[in-house]
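Taken straight from TrEMBL:
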type: SIGNAL; residues: 1-23; note: signal peptide
type: DOMAIN; residues: 48-110; note: domain 'Chitin-binding type-2'
type: DISULFID; residues: CYS128-CYS140; note: disulfide bond
type: DISULFID; residues: CYS135-CYS153; note: disulfide bond
type: DISULFID; residues: CYS147-CYS162; note: disulfide bond
Amino acid sequence: MRTTMSISLRLLAIACLITLGSCDSLLSRIKRQQASTSEPKKEESFEIEICKDKDAGEWFRLTAQDGDSCRDVIQCTSSGLQAIRCPAGLYFDIEKQTCDWKAAVKNCKLKNKERKVKPLLFTDEPLCQDGELSCGDKSCIERGLFCNGEKNCPDGSDENSCDNDNDPNRAPPCDPAVCVLPDCFCSEDGTGIPNDLPAKEVPQMITITFDDAINNNNIELYKEIFNGKRRNPNGCDIKATFFVSHKYTNYSAVQETHRKGHEIAVHSITHNDDEQFWSNATVEDWAKEMAGMRIITEKYANLTDNSVVGLRSPYLRVGGNNQFTMMEEQAFLYDSSITAPLSNPPLWPYTMYFRMPHRCHGNLQHCPTRSHAVWEMVMNELDRREDPNFDEYLPGCAMVDSCSNILSGDQFYNFLNHNFDRHYDQNRAPMGLYFHAAWLKNNPEYLDAFLFWIDEVLANHNDVYFVTMTQVIQWIQKPRIINEVKNFEPWREKCVVDGPPACWVPHSCKLTSKEVPGETINLQTCVRCPNNYPWLNDPTGDGFF
């Protein structure tokens, strides 16, 4: 009876901590009652019992149910149990181990993270014959079946230890003797310059990218930024890369954007809003989304030069080896979805033949571990501080519009200058500025600061080029010093494009699809209207599934 009361009081104390954050008087009373009992060790055993199967730093629930209790979690520490409560409007996501919007959290009924059986990869005595490895239950399967995206062990353990440190079939560390240009580029820490050129001889490349649909909501914005008056030191118009998603895209505008010399890349057909879909999608899922989007784009934007070679996954959710296997099979040149944590100096793009030169950064990201014949246009996090000499340290941000502390045009201008200097004054790794158009369109002050900054950079530097992602790769494959790069042929393609649009009046096709029931969607294109709205299983829109 005494033990039950003692545990109940302990739970009451924890509940008090969770809901109020401070319960000094209650805890003091509990301690006095504990001191008067003859069984203090049983009280301590409760904490040992509750913490025995918890990982270091893991948050978990005492009660599992919807409602306000989904905000409350506790953690075992060396000084005892610690509790937190998510702010109003947020629930705690047990799998992500962080507070998130209520609607996004689907695991309020779970007390703990799922416990996964680990394979027995390292044992004192070998458990399996050569070429095989042991599952968690000591059964043996072929080494190559580990971490291949399919559960081959009876307990599924072959897919439960598959990060860059544990995948038995992981890519090897960078070997510069084997990895040579133009087909392969890597450096041990990712900061090395191609061909070991001196930084001062390297042109500073800047890549501006925009994600999602191109349509009437943003066409005028793009015209304002890329107005034909902003030109690189070689006399060519500045260029950008557009990662286009399907729904609501105006393909006649995509055709005109491509005609002007900008790069078109793909951002999926559905832009599925379930982030876990992208983390766990099969090779076939990725092919339907990305190769299918390329089919749609090439057909309805009338792109015939095989220039759609890059992709970015929605929400920057990396799809592990499945994504990169699909990219090899479908002949994509590069991915730009993997974020590298804020570092000085920043990282250069690299090929995936060898191990990634940085940790897999992000919330439960699923990075590739195996060797792939694909370039990674790594997204270096930006330093969001205005003045790093005085401002306190803040974590970096990959997409510019996710840098939530930018609150004014002046602040944005200072942010751009500081990050430019980080690249230009160090190893001149390409500087990526990644946007969603709405952020600039809805904040005219930010747009004015951005355009002023671009004009200022171009006016003050004869070694800074605003280029596409593919143009960056072309330079890495054949590095040219500043004096030579003005005549670098890949950067002179579609140098200055004048003349009327290829299509003055596009067809406006009102279409339906069995795959998108109940919707009539407008497709604007300069080619003939299809029978159906193009979608995953019918990307041509011909009705042949």
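Indices start at 1 and increase along the chain as displayed.
The backbone N, Cα and C atoms fix where each Cβ goes, glycine too.
Note that this is a predicted model, so its numbers are computed, not measured.
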When distances run from the Cα of CYS140 (disulfide bond) to each of the disulfide-bonded residues CYS147, CYS153, CYS162, the nearest one: CYS153
For the domain 'Chitin-binding type-2' (48-110), mean pLDDT (0 to 100): 86
Residue with minimal Cβ packing [other Cβ atoms within 10 Å] among the disulfide-bonded residues CYS135, CYS140, CYS153, CYS162: CYS140
Minimum Cα separation from CYS135 (disulfide bond), reported as the residue among disulfide-bonded residues CYS128, CYS147, CYS162 that achieves it: CYS128
Spatial separation of CYS128 (disulfide bond) from CYS147 (disulfide bond) - C-alpha basis, Å: 18
Residues of the domain 'Chitin-binding type-2' (48-110) by DSSP state, where helix covers H, G and I: 11 helix, 22 strand, 30 coil
Neighbourhood of CYS128 (disulfide bond), C-beta criterion under 8 angstroms, separation at least six: SER134, CYS140
Distance from CYS162 (disulfide bond) back to CYS153 (disulfide bond), taken between C-alpha atoms, in Å: 14
